[in-house]
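Database features, via TrEMBL:
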SIGNAL    1-21  signal peptide
DOMAIN    52-177  domain 'Corticotropin-releasing factor binding protein N-terminal'
DISULFID  60-81  disulfide bond
DISULFID  104-141  disulfide bond
DISULFID  183-205  disulfide bond
DOMAIN    185-306  domain 'Corticotropin-releasing factor binding protein C-terminal'
DISULFID  237-264  disulfide bond
DISULFID  277-318  disulfide bond
């Protein structure tokens with residue numbers, strides 16, 4: 001049975017609420033009947049002819065993975081609405097306001113958040129994002145025409161809004177931009193393969209998979225400089241400036257998840273681990289002194305695999321929630 005966290009994520013935060021105008025995060029209040037992940041699947045399968053711009057109306061709770069122009073018009077007071085945007089790992093998202101007709105003075109709001117929020121937990125976490133939490137919000141009622149285009153720092157972003165007067169609304173155009181060195185990523189699918197490279201940058205990067213998974217790391221290069229591998233302490237990763245950690249938990253924020261394993265030695269080969277948590281994160285910490293690289297693949301963990309134990313698998317965490 002899916003856990004509460006997975007249910008909330010797969011329904012993309014149905015009935016999200018911003019409790020007051022000055023509230024800086026959203027909370028899940030309940031689950032609804034629609035499944036926005038089905039909407040995502042429809043978007044992924046949709047074939048558009050060359051040059052055609054995809055247009056459609058937005059629902060109060062929605063999820064988008066395609067470029068296009070999207071319009072929301074309130075047919076009744078809408079107090080707790082959100083749209084979640086997700087791209088491929090190597091994409092950034094630009095949201096441009098084409099038209100906005102809301103009553104800011106009357107309590108309406110329209111905000112873009114650089115990342116995703118679930119029950120007060122953020123992705124990327126505050127530790128992994130280049131901006132402060134306050135800088136990650138762009139409030140149309142405060143910025144107006146000053147900032148009509150907002151670009152995300154990773155492959156996910158969201159808008160949340162309150163529109164009380166029927167007939168009011170907004171139109172946005174969403175475009176994707178390439179990101180040469182993807183850092184923080186939420187995977188669209190429960191399986192895939194990815195290579196994370198941090199080239200001489202002092203930053204932390206997290207790859208989040210909102211499923212229990214089998215993850216196999218096939219290549220790890222840490223402290224690579226001028227074709228040489230720097231030796232690392234043999235005891236543990238404590239005090240090492242460059243390392244990879246695997247995290248598991250029941251929430252969205254990597255900084256609040258349980259550390260399952262640390263890897264601070266370069267290797268070529270295979271290290272496979274089973275993680276039965278609702279959310280699995282591979283996180284690379286980089287000092288900025290070297291070029292760090294990790295290649296891994298993953299697929300969703302099924303019940304039969306939980307019964308097969310291997311020495312290099314992490315099986316004692318999170319499995320009761322599967």
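Cβ coordinates are placed from backbone N, Cα and C, and glycine is handled just like the others.
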Disulfide-bonded residues listed as 60, 104, least Cβ neighbours within 10 Å: 104
Number of other Cβ atoms within 10 Å of the Cβ of residue 141 (disulfide bond) across all protein chains: 16
Tertiary neighbours of residue 205 (disulfide bond) (same chain, Cβ under 8 Å, six or more apart): 128, 182, 183, 184, 196, 198, 283, 284, 286
By Cα-Cα distance, the member of disulfide-bonded residues 60, 81, 104, 264 nearest residue 318 (disulfide bond): 264
Tally of residues which DSSP labels helix, strand or coil - the domain 'Corticotropin-releasing factor binding protein N-terminal' (52-177): 10 helix, 67 strand, 49 coil
